[in-house]
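Residues or ranges marked as domain 'Lactate/malate dehydrogenase N-terminal' in TrEMBL: 3-143. What TrEMBL records for Gly8, Ala9, Gly10, Asn11, Val12, Gly13, Asp33, Asn96, Ile119, Ser120, Asn121 is NAD(+) binding site. Annotation source TrEMBL lists substrate binding site at Arg83, Arg89, Asn121, Arg152. Here TrEMBL flags 148-302 as domain 'Lactate/malate dehydrogenase C-terminal'. TrEMBL lists His176 with the feature active site, proton acceptor.
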Amino acid sequence: MSKVTVVGAGNVGATCANVLAFNEVADEVVMLDVKEGVSEGKAMDMMQTAQLLGFDSTVVGCTNDYEKTANSDVVVITSGIPRKPGMTREELIGVNAGIVKSVAQNILKYSPNAILVVISNPMDTMTYLSLKSLGVAKNRIIGMGGALDSSRFKYFLSQALGCNANEVEGMVIGGHGDTTMIPLARLATYKGIPVSKLLSAEKLQEVVSSTMVGGATLTKLLGTSAWYAPGAAGAFVVESILHNQKKMIPSCVALDGEYGQSDICIGVPAIIGRNGVEKIVELDLTADEKALFEKSAAAVRATNAALKEVGAL
Ligand SMILES: NC(=O)c1ccc[n+]([C@@H]2O[C@H](COP(=O)([O-])OP(=O)(O)OC[C@H]3O[C@@H](n4cnc5c(N)ncnc54)[C@H](O)[C@@H]3O)[C@@H](O)[C@H]2O)c1
């Protein structure tokens, strides 16, 4: 029996739970929220699609009842506030740090061996906070940002190339922020062909810029942050863990000397399997890419420093 808990049954959490159930990634999906009745209602609504969509997974909702989450294999944390138009992800730290820390502590009481997938923003800092405050092995804490940003990168590349997004490869590393993420245009390919051979330098730069503000563009259109791709990206990471797929997914993980960084959680390609982070893949970055990565790490560190100011660490 495999079990996944999703904390926060808002836009991202409920979408993630829905994808997990629809794709039968886990036998049981539990949604937990502080808002009375919301998780229960959304779970019942999803269960009423089971006969229509033909899935056998069970979705259960609960209001702040951590006992229901007991013995989860993987727990996805989406609880917290999302950004509004004009806000940066970093501005959410004061409220979300308290929520993420208390949620993670409660979760571990009932699922001491769970692997945690942190989605709440600012995600790199929330992942670092979870690592520092919970004292669990670093392979068990994974921040989800790179899976989403890479999917957005591939979308914008496919739009520029006029092709199917599934035929494009590309990844985004670094922090999960509008100015900190690094879409690796040099390594992006269409059916093995470097995209730099197919798109002009200007067009490629346009794709990179659209990717970096991809979240902000949607926040402006929607009035709140996006949920379909973030929820699906969370489920994608959960599936690689639970089904031991060992996919290479750009993920926010603790670095201990890799990429010349320590005492930080930031996006790099990692092999994600049943043990969580199975391996960190070290790319051979160019001097320019290394400089961008260092700048990104410095920005993530600056946000991490705010954890002390808000009393979370
Ligand atoms: N990492 C990413 O790629 C990514 C992408 C999109 C959104 N996000 C972040 O994910 C978070 C959720 O976004 P959303 O759009 O789903 O927001 P939302 O407001 O729709 O949902 C958040 C839910 O968390 C619940 N919540 C608040 N405190 C809680 C607690 N202590 N315990 C349990 N539940 C609690 C709220 O009641 C709400 O239902 C935000 O921080 C957002 O910025 C991250």
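Each residue, glycine too, has its Cβ placed from N, Cα and C.
Please treat TrEMBL annotations as automatic predictions, because they have not gone through curation.
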- Can you tell which of the recorded positions Arg83, Arg89, Arg152, His176 lies nearest to Asn121 (NAD(+) binding site) in space, using Cα positions? Arg89
- Message: Considering Cα atoms only, can you say which of Gly8, Val12, Asp33 is the nearest neighbour of Arg152 (substrate binding site) among these binding-site residues?
- Response: Val12
- Note on the structure: Counting across all protein chains, other CB atoms within 10 angstroms of the CB of Arg83 (substrate binding site) number 18
- Do me a favour and check the Cα-Cα span between Ile119 (NAD(+) binding site) and His176 (active site, proton acceptor); whole Å is fine. 10
- Note on the structure: Per DSSP (three-state), His176 (active site, proton acceptor) is coil
- DSSP puts the residues of the domain 'Lactate/malate dehydrogenase N-terminal' (3-143) at 67 helix, 28 strand, 46 coil
- For the residue listed as 'active site, proton acceptor', list the number of other Cβ atoms lying within 10 Å of its Cβ atom. 29
- Message: If you measure from the CA of Arg89 (substrate binding site) out to 10 Å, which binding-site residues from the list Gly8, Gly10, Val12, Asp33 are inside that radius?
- Response: none
- Message: In whole Å, how far does the CA atom of Gly8 (NAD(+) binding site) lie from that of the residue listed as 'active site, proton acceptor'?
- Response: 20
